[in-house]
(Lines of atoms letter the chains of each structure in order from A and count residues from 1; the text may use other names and numbers.)
(Lines give C-alpha, C1' and ligand atoms only; values in the text may rest on other atoms or scores of the structure.)
Protein backbone atom coordinates (compact mmCIF):
# COMPACT_ATOMS: atom_id res chain seq x y z
CA UNK A 1 0.00 0.00 0.00
CA UNK A 2 2.84 2.40 0.78
CA UNK A 3 4.31 1.72 -2.66
CA UNK A 4 0.97 2.57 -4.28
CA UNK A 5 0.80 5.83 -2.36
CA UNK A 6 4.32 6.81 -3.43
CA UNK A 7 3.46 6.00 -7.04
CA UNK A 8 0.29 8.12 -6.89
CA UNK A 9 2.19 10.98 -5.31
CA UNK A 10 4.79 10.86 -8.10
CA UNK A 11 2.15 10.78 -10.85
CA UNK A 12 0.27 13.68 -9.31
CA UNK A 13 3.46 15.71 -9.00
CA UNK A 14 4.27 15.10 -12.64
CA UNK A 15 0.79 16.14 -13.76
CA UNK A 16 0.97 19.35 -11.74
CA UNK A 17 4.54 20.29 -12.56
CA UNK A 18 4.54 19.80 -16.37
CA UNK A 19 2.62 21.63 -19.04
CA UNK A 20 1.43 20.18 -22.38
CA UNK A 21 4.76 20.77 -24.10
CA UNK A 22 6.65 18.78 -21.48
CA UNK A 23 8.66 21.77 -20.20
CA UNK A 24 8.64 22.79 -16.58
CA UNK A 25 7.06 26.19 -15.87
CA UNK A 26 9.00 28.91 -14.16
CA UNK A 27 6.75 28.95 -11.11
CA UNK A 28 5.12 25.86 -9.69
CA UNK A 29 2.09 25.90 -7.41
CA UNK A 30 2.68 24.74 -3.85
CA UNK A 31 2.84 20.95 -3.56
CA UNK A 32 0.17 19.50 -1.23
CA UNK A 33 0.94 16.71 1.19
CA UNK A 34 -0.66 14.01 -0.95
CA UNK A 35 0.42 11.10 1.24
CA UNK A 36 -1.35 12.43 4.32
CA UNK A 37 -4.45 13.22 2.26
CA UNK A 38 -4.56 9.67 0.87
CA UNK A 39 -4.34 8.21 4.36
CA UNK A 40 -7.15 10.48 5.49
CA UNK A 41 -9.28 9.39 2.55
CA UNK A 42 -8.61 5.73 3.29
CA UNK A 43 -9.68 6.45 6.84
CA UNK A 44 -12.96 8.05 5.75
CA UNK A 45 -13.90 5.53 3.08
CA UNK A 46 -13.35 2.54 5.33
CA UNK A 47 -15.63 3.78 8.09
CA UNK A 48 -17.73 0.96 9.42
CA UNK A 49 -20.50 0.09 11.80
CA UNK A 50 -18.00 -0.47 14.57
CA UNK A 51 -15.41 2.13 13.64
CA UNK A 52 -16.73 5.61 12.88
CA UNK A 53 -13.57 7.64 12.48
CA UNK A 54 -14.71 11.05 11.30
CA UNK A 55 -16.60 13.54 13.39
CA UNK A 56 -18.90 14.57 10.55
CA UNK A 57 -20.67 17.04 12.79
CA UNK A 58 -18.10 19.55 11.55
CA UNK A 59 -18.87 20.15 7.87
CA UNK A 60 -15.85 22.41 7.45
CA UNK A 61 -13.36 19.68 8.34
CA UNK A 62 -15.17 17.23 6.10
CA UNK A 63 -15.16 19.58 3.08
CA UNK A 64 -11.46 20.28 3.54
CA UNK A 65 -10.61 16.59 3.83
CA UNK A 66 -12.74 15.12 1.03
CA UNK A 67 -12.21 16.77 -2.34
CA UNK A 68 -13.27 15.65 -5.78
CA UNK A 69 -9.78 15.94 -7.26
CA UNK A 70 -7.74 13.86 -4.79
CA UNK A 71 -7.36 10.14 -5.60
CA UNK A 72 -7.56 7.39 -3.01
CA UNK A 73 -6.49 3.76 -2.88
CA UNK A 74 -9.30 1.48 -4.14
CA UNK A 75 -10.40 -1.37 -1.92
CA UNK A 76 -9.14 -3.96 -4.38
CA UNK A 77 -5.57 -2.69 -3.91
CA UNK A 78 -5.58 -2.84 -0.09
CA UNK A 79 -4.25 -5.92 1.72
CA UNK A 80 -6.86 -5.66 4.49
CA UNK A 81 -9.54 -6.29 1.88
CA UNK A 82 -8.40 -9.92 1.72
CA UNK A 83 -6.93 -10.46 5.20
CA UNK A 84 -9.82 -9.21 7.36
CA UNK A 85 -12.55 -11.48 5.86
CA UNK A 86 -10.34 -14.54 6.42
CA UNK A 87 -9.75 -13.60 10.05
CA UNK A 88 -13.46 -12.99 10.58
CA UNK A 89 -14.29 -16.39 9.07
CA UNK A 90 -11.98 -18.03 11.63
CA UNK A 91 -13.54 -15.98 14.44
CA UNK A 92 -17.01 -17.06 13.33
CA UNK A 93 -16.20 -20.79 13.14
CA UNK A 94 -14.25 -20.96 16.41
CA UNK A 95 -16.75 -18.74 18.23
CA UNK A 96 -19.85 -20.66 17.18
CA UNK A 97 -18.26 -24.05 17.85
CA UNK A 98 -16.71 -23.10 21.19
CA UNK A 99 -19.52 -21.03 22.69
CA UNK A 100 -22.21 -23.34 21.31
CA UNK A 101 -20.57 -26.40 22.86
CA UNK A 102 -20.15 -24.54 26.14
CA UNK A 103 -23.88 -23.78 26.25
CA UNK A 104 -24.81 -27.38 25.39
CA UNK A 105 -22.54 -28.73 28.14
CA UNK A 106 -24.09 -26.44 30.73
CA UNK A 107 -27.66 -27.32 29.76
CA UNK A 108 -27.05 -31.06 29.39
CA UNK A 109 -24.82 -31.88 32.36
CA UNK A 110 -26.61 -31.29 35.65
CA UNK A 111 -23.39 -31.28 37.66
CA UNK A 112 -22.26 -28.18 35.74
CA UNK A 113 -25.08 -26.01 37.06
CA UNK A 114 -23.46 -23.95 39.80
CA UNK A 115 -22.69 -20.29 40.37
CA UNK A 116 -19.39 -19.85 38.49
CA UNK A 117 -20.66 -21.86 35.54
CA UNK A 118 -23.81 -19.71 35.40
CA UNK A 119 -21.65 -16.65 34.83
CA UNK A 120 -19.64 -18.53 32.22
CA UNK A 121 -22.91 -19.44 30.48
CA UNK A 122 -23.87 -15.76 30.41
CA UNK A 123 -20.52 -14.91 28.80
CA UNK A 124 -20.98 -17.64 26.20
CA UNK A 125 -24.50 -16.45 25.32
CA UNK A 126 -23.31 -12.86 24.81
CA UNK A 127 -20.36 -13.94 22.69
CA UNK A 128 -22.44 -16.31 20.57
CA UNK A 129 -25.07 -13.62 20.03
CA UNK A 130 -22.60 -11.01 18.78
CA UNK A 131 -20.84 -13.57 16.58
CA UNK A 132 -24.08 -14.56 14.86
CA UNK A 133 -25.58 -11.08 14.48
CA UNK A 134 -22.55 -8.81 14.00
CA UNK A 135 -19.48 -10.69 12.74
CA UNK A 136 -20.95 -11.59 9.30
CA UNK A 137 -21.96 -7.96 8.78
CA UNK A 138 -18.72 -6.45 10.07
CA UNK A 139 -16.58 -8.75 7.91
CA UNK A 140 -17.59 -6.77 4.79
CA UNK A 141 -16.43 -3.39 6.11
CA UNK A 142 -13.03 -3.78 4.47
CA UNK A 143 -14.43 -5.60 1.43
CA UNK A 144 -16.97 -3.18 -0.08
CA UNK A 145 -17.10 0.62 -0.13
CA UNK A 146 -20.68 0.89 1.10
CA UNK A 147 -22.94 -0.59 3.79
CA UNK A 148 -25.13 -3.06 1.87
CA UNK A 149 -27.45 -4.26 4.65
CA UNK A 150 -29.79 -1.34 5.24
CA UNK A 151 -30.60 0.89 8.17
CA UNK A 152 -32.21 -1.77 10.41
CA UNK A 153 -29.18 -4.09 10.42
CA UNK A 154 -26.98 -1.05 10.94
CA UNK A 155 -28.77 -0.24 14.19
CA UNK A 156 -28.98 -3.90 15.24
CA UNK A 157 -25.28 -4.48 14.63
CA UNK A 158 -24.22 -1.48 16.71
CA UNK A 159 -26.67 -2.41 19.47
CA UNK A 160 -25.56 -6.04 19.72
CA UNK A 161 -21.90 -5.01 19.78
CA UNK A 162 -22.44 -2.74 22.79
CA UNK A 163 -24.62 -5.32 24.57
CA UNK A 164 -22.01 -8.04 24.12
CA UNK A 165 -19.19 -5.84 25.42
CA UNK A 166 -21.31 -4.79 28.40
CA UNK A 167 -22.33 -8.34 29.34
CA UNK A 168 -18.73 -9.53 29.05
CA UNK A 169 -17.10 -6.89 31.22
CA UNK A 170 -19.91 -6.75 33.80
CA UNK A 171 -19.95 -10.56 34.12
CA UNK A 172 -16.19 -10.67 34.60
CA UNK A 173 -16.58 -8.10 37.36
CA UNK A 174 -19.28 -10.22 39.03
CA UNK A 175 -17.10 -13.33 38.73
CA UNK A 176 -14.21 -11.52 40.38
CA UNK A 177 -16.47 -10.48 43.26
CA UNK A 178 -17.75 -14.04 43.60
CA UNK A 179 -14.19 -15.36 43.82
CA UNK A 180 -13.35 -12.73 46.43
CA UNK A 181 -16.19 -13.86 48.72
CA UNK A 182 -15.42 -17.54 48.05
CA UNK A 183 -11.82 -17.17 49.21
CA UNK A 184 -11.90 -14.36 51.77
CA UNK A 185 -15.33 -14.92 53.35
CA UNK A 186 -16.52 -18.42 52.37
CA UNK A 187 -19.36 -18.52 54.92
CA UNK A 188 -21.37 -15.91 53.05
CA UNK A 189 -23.89 -17.09 50.47
CA UNK A 190 -22.78 -14.66 47.77
CA UNK A 191 -20.83 -17.28 45.85
CA UNK A 192 -20.89 -20.97 44.84
CA UNK A 193 -20.81 -22.58 48.26
CA UNK A 194 -22.43 -26.01 48.15
CA UNK A 195 -24.82 -25.04 45.36
CA UNK A 196 -27.39 -23.68 47.79
CA UNK A 197 -30.71 -22.36 46.56
CA UNK A 198 -30.03 -18.90 47.93
CA UNK A 199 -26.75 -18.69 46.03
CA UNK A 200 -28.43 -19.93 42.85
CA UNK A 201 -31.26 -17.40 43.09
CA UNK A 202 -28.84 -14.56 43.72
CA UNK A 203 -26.66 -15.65 40.80
CA UNK A 204 -29.62 -15.71 38.41
CA UNK A 205 -30.75 -12.30 39.64
CA UNK A 206 -27.25 -10.91 39.12
CA UNK A 207 -26.99 -12.38 35.61
CA UNK A 208 -30.38 -10.94 34.61
CA UNK A 209 -29.42 -7.55 36.05
CA UNK A 210 -26.20 -7.59 34.03
CA UNK A 211 -28.12 -8.20 30.81
CA UNK A 212 -30.61 -5.44 31.60
CA UNK A 213 -27.78 -3.00 32.34
CA UNK A 214 -25.97 -3.93 29.12
CA UNK A 215 -29.18 -3.48 27.09
CA UNK A 216 -29.71 -0.08 28.70
CA UNK A 217 -26.17 0.99 27.80
CA UNK A 218 -26.70 -0.15 24.21
CA UNK A 219 -29.93 1.79 23.61
CA UNK A 220 -28.18 4.97 22.32
CA UNK A 221 -26.54 2.93 19.56
CA UNK A 222 -29.85 1.27 18.68
CA UNK A 223 -31.69 4.59 18.44
CA UNK A 224 -28.99 6.82 16.96
CA UNK A 225 -27.25 4.61 14.40
CA UNK A 226 -28.13 5.43 10.80
CA UNK A 227 -26.74 5.40 7.27
CA UNK A 228 -24.58 8.29 6.13
CA UNK A 229 -23.74 9.16 2.53
CA UNK A 230 -20.30 10.54 1.68
CA UNK A 231 -19.32 11.89 -1.73
CA UNK A 232 -15.76 11.05 -2.80
CA UNK A 233 -14.48 11.32 -6.39
CA UNK A 234 -18.01 11.40 -7.77
CA UNK A 235 -18.80 8.24 -5.79
CA UNK A 236 -21.42 7.85 -3.10
CA UNK A 237 -19.97 6.03 -0.08
CA UNK A 238 -22.57 4.70 2.38
CA UNK A 239 -21.45 3.98 5.94
CA UNK A 240 -23.19 2.94 9.15
CA UNK A 241 -22.61 5.78 11.59
CA UNK A 242 -23.60 5.46 15.30
CA UNK A 243 -23.20 9.15 16.19
CA UNK A 244 -26.02 11.22 14.64
CA UNK A 245 -25.17 14.84 13.81
CA UNK A 246 -28.41 16.19 15.22
CA UNK A 247 -27.41 14.99 18.70
CA UNK A 248 -24.64 17.57 18.93
CA UNK A 249 -21.15 18.16 17.64
CA UNK A 250 -19.53 16.78 20.82
CA UNK A 251 -21.75 13.71 21.06
CA UNK A 252 -19.15 11.44 19.44
CA UNK A 253 -16.44 12.51 21.88
CA UNK A 254 -18.78 12.05 24.83
CA UNK A 255 -19.72 8.52 23.78
CA UNK A 256 -16.11 7.50 23.16
CA UNK A 257 -15.12 8.67 26.64
CA UNK A 258 -18.19 7.08 28.22
CA UNK A 259 -17.50 3.74 26.54
CA UNK A 260 -13.92 3.82 27.78
CA UNK A 261 -14.99 4.47 31.38
CA UNK A 262 -18.03 2.15 31.57
CA UNK A 263 -16.80 -0.73 29.39
CA UNK A 264 -13.11 -0.73 30.29
CA UNK A 265 -11.52 1.52 32.92
CA UNK A 266 -13.97 1.33 35.85
CA UNK A 267 -14.63 -2.46 35.64
CA UNK A 268 -10.92 -3.24 35.39
CA UNK A 269 -10.19 -1.05 38.42
CA UNK A 270 -12.88 -2.87 40.44
CA UNK A 271 -11.52 -6.25 39.33
CA UNK A 272 -7.99 -5.17 40.26
CA UNK A 273 -9.17 -4.20 43.76
CA UNK A 274 -10.81 -7.61 44.24
CA UNK A 275 -7.69 -9.48 43.20
CA UNK A 276 -5.39 -7.34 45.31
CA UNK A 277 -7.55 -8.19 48.34
CA UNK A 278 -7.50 -11.87 47.37
CA UNK A 279 -3.71 -11.82 47.09
CA UNK A 280 -3.34 -10.14 50.48
CA UNK A 281 -5.67 -12.70 52.07
CA UNK A 282 -3.77 -15.63 50.56
CA UNK A 283 -0.45 -14.19 51.73
CA UNK A 284 -1.82 -13.82 55.26
CA UNK A 285 -3.37 -17.31 55.24
CA UNK A 286 -0.09 -18.87 54.13
CA UNK A 287 1.60 -17.55 57.27
CA UNK A 288 -0.98 -19.13 59.61
CA UNK A 289 0.03 -22.73 60.55
CA UNK A 290 -2.14 -25.66 61.53
CA UNK A 291 -4.82 -25.62 58.80
CA UNK A 292 -6.88 -28.73 58.18
CA UNK A 293 -5.88 -30.70 55.11
CA UNK A 294 -9.40 -30.64 53.66
CA UNK A 295 -9.63 -26.89 54.06
CA UNK A 296 -6.27 -26.49 52.33
CA UNK A 297 -7.50 -28.48 49.33
CA UNK A 298 -10.65 -26.39 49.17
CA UNK A 299 -8.66 -23.16 49.22
CA UNK A 300 -6.42 -24.47 46.45
CA UNK A 301 -9.44 -25.31 44.30
CA UNK A 302 -10.93 -21.86 44.81
CA UNK A 303 -7.57 -20.27 44.09
CA UNK A 304 -7.42 -22.16 40.79
CA UNK A 305 -10.85 -20.84 39.83
CA UNK A 306 -9.74 -17.31 40.72
CA UNK A 307 -6.67 -17.66 38.50
CA UNK A 308 -8.87 -18.84 35.61
CA UNK A 309 -11.18 -15.85 36.00
CA UNK A 310 -8.13 -13.58 36.08
CA UNK A 311 -7.01 -15.12 32.78
CA UNK A 312 -10.38 -14.17 31.24
CA UNK A 313 -9.94 -10.61 32.51
CA UNK A 314 -6.44 -10.35 31.06
CA UNK A 315 -7.69 -11.60 27.68
CA UNK A 316 -10.48 -9.03 27.70
CA UNK A 317 -8.09 -6.22 28.63
CA UNK A 318 -5.61 -7.12 25.89
CA UNK A 319 -8.28 -7.51 23.20
CA UNK A 320 -9.90 -4.12 23.85
CA UNK A 321 -6.82 -2.06 24.71
CA UNK A 322 -5.99 -1.13 21.06
CA UNK A 323 -9.68 -0.34 20.51
CA UNK A 324 -9.79 2.32 23.23
CA UNK A 325 -6.29 3.64 22.54
CA UNK A 326 -7.14 4.38 18.93
CA UNK A 327 -10.48 6.04 19.62
CA UNK A 328 -9.20 8.16 22.48
CA UNK A 329 -6.30 9.32 20.32
CA UNK A 330 -8.43 10.09 17.29
CA UNK A 331 -11.16 12.05 19.06
CA UNK A 332 -9.12 13.83 21.74
CA UNK A 333 -5.72 14.48 20.13
CA UNK A 334 -5.88 17.94 18.53
CA UNK A 335 -3.95 17.02 15.35
CA UNK A 336 -5.12 13.42 15.04
CA UNK A 337 -6.62 13.80 11.56
CA UNK A 338 -3.42 15.38 10.29
CA UNK A 339 -1.18 12.81 12.01
CA UNK A 340 -3.08 9.76 10.72
CA UNK A 341 -0.42 7.61 9.03
CA UNK A 342 0.45 3.99 8.30
CA UNK A 343 1.03 3.15 11.97
CA UNK A 344 -2.41 4.33 13.08
CA UNK A 345 -4.03 2.70 10.06
CA UNK A 346 -2.52 -0.69 10.95
CA UNK A 347 -3.36 -0.22 14.64
CA UNK A 348 -6.96 0.54 13.70
CA UNK A 349 -7.29 -2.68 11.69
CA UNK A 350 -5.62 -4.77 14.41
CA UNK A 351 -7.89 -3.26 17.07
CA UNK A 352 -10.91 -3.91 14.88
CA UNK A 353 -10.09 -7.62 14.58
CA UNK A 354 -9.02 -8.09 18.22
CA UNK A 355 -12.25 -6.62 19.56
CA UNK A 356 -14.21 -9.37 17.81
CA UNK A 357 -11.63 -12.07 18.54
CA UNK A 358 -12.44 -11.66 22.23
CA UNK A 359 -15.81 -13.34 21.55
CA UNK A 360 -14.10 -16.62 20.66
CA UNK A 361 -11.14 -16.41 23.06
CA UNK A 362 -12.92 -17.52 26.25
CA UNK A 363 -13.88 -21.05 25.05
CA UNK A 364 -10.36 -21.57 23.72
CA UNK A 365 -8.81 -20.52 27.02
CA UNK A 366 -11.32 -22.62 28.97
CA UNK A 367 -10.48 -25.68 26.88
CA UNK A 368 -6.82 -25.50 27.90
CA UNK A 369 -7.27 -24.64 31.59
CA UNK A 370 -10.40 -26.67 32.45
CA UNK A 371 -10.22 -30.44 32.45
CA UNK A 372 -13.99 -30.71 32.99
CA UNK A 373 -14.85 -28.59 29.95
CA UNK A 374 -12.21 -30.31 27.83
CA UNK A 375 -13.66 -33.72 28.73
CA UNK A 376 -17.23 -32.76 27.85
CA UNK A 377 -16.19 -30.85 24.74
CA UNK A 378 -14.32 -33.89 23.38
CA UNK A 379 -17.26 -36.11 24.28
CA UNK A 380 -19.77 -34.06 22.30
CA UNK A 381 -17.33 -33.57 19.43
CA UNK A 382 -16.71 -37.31 19.08
CA UNK A 383 -20.42 -37.99 19.46
CA UNK A 384 -21.16 -36.25 16.20
CA UNK A 385 -18.73 -38.43 14.32
CA UNK A 386 -19.22 -41.85 15.88
CA UNK A 387 -22.78 -42.13 17.14
CA UNK A 388 -24.30 -43.20 13.84
CA UNK A 389 -22.17 -46.29 13.29
CA UNK A 390 -22.47 -47.41 16.91
CA UNK A 391 -26.22 -47.08 16.95
CA UNK A 392 -26.49 -49.16 13.78
CA UNK A 393 -24.56 -51.97 15.44
CA UNK A 394 -26.74 -51.67 18.54
CA UNK A 395 -23.77 -50.83 20.70
CA UNK A 396 -23.73 -48.47 23.62
CA UNK A 397 -22.13 -45.13 22.71
CA UNK A 398 -19.86 -44.37 25.61
CA UNK A 399 -19.02 -40.94 24.22
CA UNK A 400 -22.59 -39.75 23.75
CA UNK A 401 -24.46 -41.18 26.71
CA UNK A 402 -24.31 -39.09 29.88
CA UNK A 403 -23.57 -41.26 32.88
CA UNK A 404 -25.77 -40.59 35.86
CA UNK A 405 -23.52 -39.94 38.84
CA UNK A 406 -26.27 -40.07 41.41
CA UNK A 407 -25.31 -42.31 44.31
CA UNK A 408 -28.91 -43.52 44.57
CA UNK A 409 -28.89 -45.20 41.18
CA UNK A 410 -25.37 -46.52 41.81
CA UNK A 411 -26.47 -48.10 45.09
CA UNK A 412 -29.48 -49.69 43.40
CA UNK A 413 -27.27 -51.22 40.72
CA UNK A 414 -24.93 -52.58 43.39
CA UNK A 415 -27.84 -54.18 45.21
CA UNK A 416 -29.18 -55.77 42.04
CA UNK A 417 -25.73 -57.16 41.26
CA UNK A 418 -25.31 -58.60 44.76
CA UNK A 419 -28.83 -60.05 44.72
CA UNK A 420 -28.06 -61.75 41.41
CA UNK A 421 -24.86 -63.13 42.87
CA UNK A 422 -26.81 -64.44 45.83
CA UNK A 423 -29.18 -66.26 43.48
CA UNK A 424 -26.09 -67.80 41.85
CA UNK A 425 -24.94 -69.10 45.27
CA UNK A 426 -21.93 -66.78 45.47
CA UNK A 427 -21.08 -66.61 49.15
CA UNK A 428 -19.57 -63.12 49.15
CA UNK A 429 -22.90 -61.53 48.22
CA UNK A 430 -25.84 -61.56 50.64
CA UNK A 431 -29.22 -60.07 51.08
CA UNK A 432 -30.08 -59.05 54.61
CA UNK A 433 -33.49 -58.47 56.09
CA UNK A 434 -33.46 -55.81 58.74
CA UNK A 435 -35.72 -55.82 61.76
CA UNK A 436 -38.36 -53.12 61.69
CA UNK A 437 -39.62 -51.79 64.99
CA UNK A 438 -43.34 -51.22 64.62
CA UNK A 439 -44.97 -48.48 66.65
CA UNK A 440 -48.53 -48.61 67.90
CA UNK A 441 -49.67 -46.24 65.11
CA UNK A 442 -48.57 -48.70 62.44
CA UNK A 443 -45.38 -46.93 61.46
CA UNK A 444 -41.72 -47.25 62.19
CA UNK A 445 -39.53 -45.04 64.33
CA UNK A 446 -39.31 -42.41 61.60
CA UNK A 447 -43.08 -42.29 61.27
CA UNK A 448 -43.14 -43.90 57.78
CA UNK A 449 -45.12 -47.01 56.88
CA UNK A 450 -42.99 -49.91 55.64
CA UNK A 451 -44.66 -52.95 54.14
CA UNK A 452 -41.56 -54.70 52.84
CA UNK A 453 -38.13 -55.48 54.10
CA UNK A 454 -35.57 -52.68 54.06
CA UNK A 455 -32.76 -53.43 51.67
CA UNK A 456 -29.18 -53.12 52.82
CA UNK A 457 -25.88 -53.07 50.95
CA UNK A 458 -22.61 -54.61 52.14
CA UNK A 459 -19.94 -52.14 53.19
CA UNK A 460 -16.50 -52.68 54.62
CA UNK A 461 -16.27 -52.85 58.39
CA UNK A 462 -13.38 -52.34 60.75
CA UNK A 463 -11.37 -55.47 61.66
CA UNK A 464 -12.79 -57.43 64.58
CA UNK A 465 -16.36 -56.25 64.06
CA UNK A 466 -18.93 -59.02 64.62
CA UNK A 467 -22.10 -59.12 62.56
CA UNK A 468 -24.67 -61.86 63.04
CA UNK A 469 -25.81 -62.14 59.45
CA UNK A 470 -22.74 -61.09 57.50
CA UNK A 471 -19.12 -62.14 57.04
CA UNK A 472 -16.69 -60.58 59.55
CA UNK A 473 -15.27 -58.23 56.91
CA UNK A 474 -18.63 -56.83 55.79
CA UNK A 475 -21.44 -54.85 57.30
CA UNK A 476 -24.62 -53.49 55.81
CA UNK A 477 -25.74 -49.90 55.33
CA UNK A 478 -29.41 -49.19 54.54
CA UNK A 479 -30.07 -47.75 51.09
CA UNK A 480 -32.13 -44.84 52.40
CA UNK A 481 -29.25 -43.84 54.69
CA UNK A 482 -26.91 -43.70 51.71
CA UNK A 483 -29.37 -41.46 49.85
CA UNK A 484 -29.68 -39.22 52.90
CA UNK A 485 -25.90 -38.87 53.15
CA UNK A 486 -25.70 -38.05 49.46
CA UNK A 487 -28.27 -35.29 49.74
CA UNK A 488 -26.54 -33.82 52.77
CA UNK A 489 -23.28 -33.29 50.84
CA UNK A 490 -24.10 -32.55 47.17
CA UNK A 491 -20.96 -30.46 46.60
CA UNK A 492 -18.87 -33.60 46.06
CA UNK A 493 -20.80 -34.42 42.91
CA UNK A 494 -20.70 -30.99 41.26
CA UNK A 495 -18.26 -30.04 38.58
CA UNK A 496 -17.07 -26.62 37.56
CA UNK A 497 -16.08 -25.49 34.11
CA UNK A 498 -13.35 -23.50 35.79
CA UNK A 499 -11.68 -26.53 37.43
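Placed from the backbone N, Cα and C atoms, the Cβ positions cover glycine too.
What Swiss-Prot says about this protein:
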- 154-240: disulfide bond (DISULFID)
- 33: N-linked glycosylation site (CARBOHYD)
- 61: N-linked glycosylation site (CARBOHYD)
- 1-85: topological domain 'Extracellular' (TOPO_DOM)
- 107-117: topological domain 'Cytoplasmic' (TOPO_DOM)
- 139-162: topological domain 'Extracellular' (TOPO_DOM)
- 184-203: topological domain 'Cytoplasmic' (TOPO_DOM)
- 225-259: topological domain 'Extracellular' (TOPO_DOM)
- 281-309: topological domain 'Cytoplasmic' (TOPO_DOM)
- 331-348: topological domain 'Extracellular' (TOPO_DOM)
- 370-499: topological domain 'Cytoplasmic' (TOPO_DOM)
- 86-106: transmembrane segment (TRANSMEM)
- 118-138: transmembrane segment (TRANSMEM)
- 163-183: transmembrane segment (TRANSMEM)
- 204-224: transmembrane segment (TRANSMEM)
- 260-280: transmembrane segment (TRANSMEM)
- 310-330: transmembrane segment (TRANSMEM)
- 349-369: transmembrane segment (TRANSMEM)
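Tertiary neighbourhood of the transmembrane segment (204-224): same-chain residues 118-119, 122, 126, 155-156, 158-167, 170-171, 174, 242-244, 247, 255, 262-263, selected by CB-CB distance under 8 Å and a gap of 6+ residues from either end.
With pairs at least 6 apart in sequence, the transmembrane segment (86-106) and the transmembrane segment (310-330) have fewer than 3 Cβ pairs within the 8 Å limit; the two do not touch.
Same-chain residues lying 6 or more positions outside the transmembrane segment (86-106) and placing a CB less than 8 Å from one of its CB atoms are 112-113, 117, 120-121, 124-125, 127-128, 131-132, 135-136, 138-139, 353, 356-357, 359-360, 362-364, 366-367, 373, 376-377, 380-381, 497.
Most buried of the disulfide-bonded residues 154, 240, judged by other Cβ atoms within 10 Å, is 240. Counting residues of the topological domain 'Extracellular' (225-259) by DSSP class, helix then strand then coil, yields 12 helix, 14 strand, 9 coil.
Secondary structure at residue 154 (disulfide bond), as computed by DSSP, is helix. Residue counts for the topological domain 'Cytoplasmic' (107-117) under DSSP, helix first, then strand, then coil, are 8 helix, 0 strand, 3 coil.
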